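Per TrEMBL, region 'Disordered' is recorded for 52-78. Summarising the annotation, TrEMBL assigns compositional bias 'Low complexity' to 58-71. Among the features that TrEMBL reports, domain 'Amino acid transporter transmembrane' is placed at 86-499. As annotated by TrEMBL, transmembrane segment applies to 89-108, 114-139, 175-198, 210-227, 239-258, 278-295, 326-346, 371-392, 413-434, 440-461, 473-499.
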Amino acid sequence: MGDELTTVEDNISITSIEPNDDPRIIITMSATQVDDDDQILDAGDHHDHGHVIDDDAVSASAPPMESSSPEGTRSRRLAPITESRNGNAYYAAFHTLCSGIGIPALVLPVSFTILGWTWGVISLTLAFIWQLYTLWLLVKLHESTKTGMRYSRYLQLFSATFGDKMAKIFAVFPIYYLSGGTCCALIIVGGSSMKLFYEIVCGHDCTSKPLTAVEWYLVFTCAAVLLSQLPNLNSIAGVSLVGAITAIGYCTIMWLVAVTEGRLDGVSYDPIRENTNTAMVFSVLNALGIISFAFKGHNLTLEIQATMPSSEKKPSHVPMWRGVKVAYLVIAMCLFPLAIGGYWAYGHKIPPNGGMMTAIYQYHGRDTSQWVLGLTSLFIVMNAVSSFQIFGMPMFDDMESKYIKRMRKPCPWWIRSISRAMFGYGCFFIAVAIPFLGSFAGLIGGISIPITFAYPCFLWLKVKKPKKYSFMWFLNWGLGLLGTVLSIILIAAGIYVVIDTGIQVSFFKPQ
């Protein structure tokens, strides 16, 4: 084996040498031929043979890629996600916080109106622990000590584990929806908050002609597109920090205002009961869906970890998990007071549409400082424009990787600028053209639930192969199947809600 040469790709070769029984793997690549993570062997077919390699490979018995050939170092700088390997635990915390807290969290008190105090707190706690566990699984699955493979994208890991066909059927749509669909929703939320901020600052006696909803969407989109010109994931660490701080800010302001202003008169904490058993079942499912949708960002975990250097002595999962633990401690300090404090203050009177964001303006718009209300709206805008960058990055990476694969050269700055602008304004068009897209949120959200709660468990079972009937075997099978069932019933509940309540179709008429 000492001098044996195994050709894995046309331009990727492995030479295994054994000086003094200390095997090392030296990877050489051609900078003009490697297409980042796209030009790799089919990991799904070759994983068991230990031949799965890409330009992110880090062997358990080899130095990191930085010590490899200059060509190999240059080749991995082609796509936005893996262009920079200077990430650290702080960056991981910033990105995870920015992507992990969002507007769906503001609706958490609504779920308590159906589940009540006891089951509401229990469900929220169990969901938090569940999604934190699956996040840990993804962090550990990012790199393989057996094959030297770094899976820098969620879809790449899924495809390598279950094959391209399964990935196209079960993973492509929910992953792209969690990126592109979230960006469309952020334009609506950000544009609407801009409009509200302007109205608060201008005051009731303002004589200037306000912009329309579409114009506010466009203003927000222009800001998001301008910021999207930052080249890679590491370069937006500061943006994610701003997004994290502002998310913490508006969540904290909302529950503090709710608690300090006191409970509303006539508040009841009795769970809302529907007239029929069917309606009651679907209302409970809707409440569980609200809690599930509050946790997001798992589709970005591998991408965030891919920005970190990795070696045998310093694997990337160590700083990544350190950053994740800090981020989710802060997330817990935002979500639980928001849900519990909001339900305590408003009870069954919490508005089902908008949750805390609607309640703070509806119930406290006159007796709360306009400065506080304006700051809340400003924080939401800043968080939305910051979140747009990290949720849009996988889409930018996909578009630019296709260019690199086709042209076999790095994407020039002007192509990058045009493609990102096209994506941003494409999301703007969808937000304006289909403003009732939110009516399908439960249905589409149910499809994306497995990304967070089920797929990581199945990936762990397939890759790690825990001993049959062991604790990890039972745990991951149980959680994986439960997450799949939850997804199916939430999809059914989403269809029921659409049929039962109907959809007010209004193309190109955003409110």
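Cβ coordinates are placed from backbone N, Cα and C, and glycine is handled just like the others.
Between the transmembrane segment (326-346) and the transmembrane segment (175-198) there are fewer than 3 Cβ pairs closer than 8 Å, counting only residues 6 or more apart in sequence, so the two stretches are not in contact. Same-chain residues lying 6 or more positions outside the transmembrane segment (371-392) and placing a CB less than 8 Å from one of its CB atoms are 95, 98-99, 101-103, 178-180, 182-183, 186-187, 189-190, 193-194, 196-197, 200-201, 220, 223-224, 227-228, 230, 233, 236, 239-240, 242-243, 246-247, 249-250, 253-254, 257, 300, 357, 360-361, 364-365, 420, 423-424. Within its own chain, the transmembrane segment (239-258) has Cβ neighbours under 8 Å at 91, 93-95, 97-99, 101-102, 105-106, 227, 230, 327, 330, 334-335, 337-338, 341-342, 344-346, 356-357, 359-360, 364, 368, 372, 375-376, 379-380, 382-383, 385-387, 389-390, counting only residues six or more beyond its boundaries. Of the candidate ranges 114-139, 278-295, 413-434, 413-434 contributes the most Cβ pairs within a distance under 8 Å of the transmembrane segment (210-227). In this chain, the transmembrane segment (278-295) touches the transmembrane segment (89-108); three or more CB pairs sit within less than 8 A of each other, excluding pairs fewer than 6 residues apart. Among the recorded stretches 114-139, 175-198, 278-295, the one sharing the largest number of Cβ pairs closer than 8 Å with the transmembrane segment (413-434) is 175-198.
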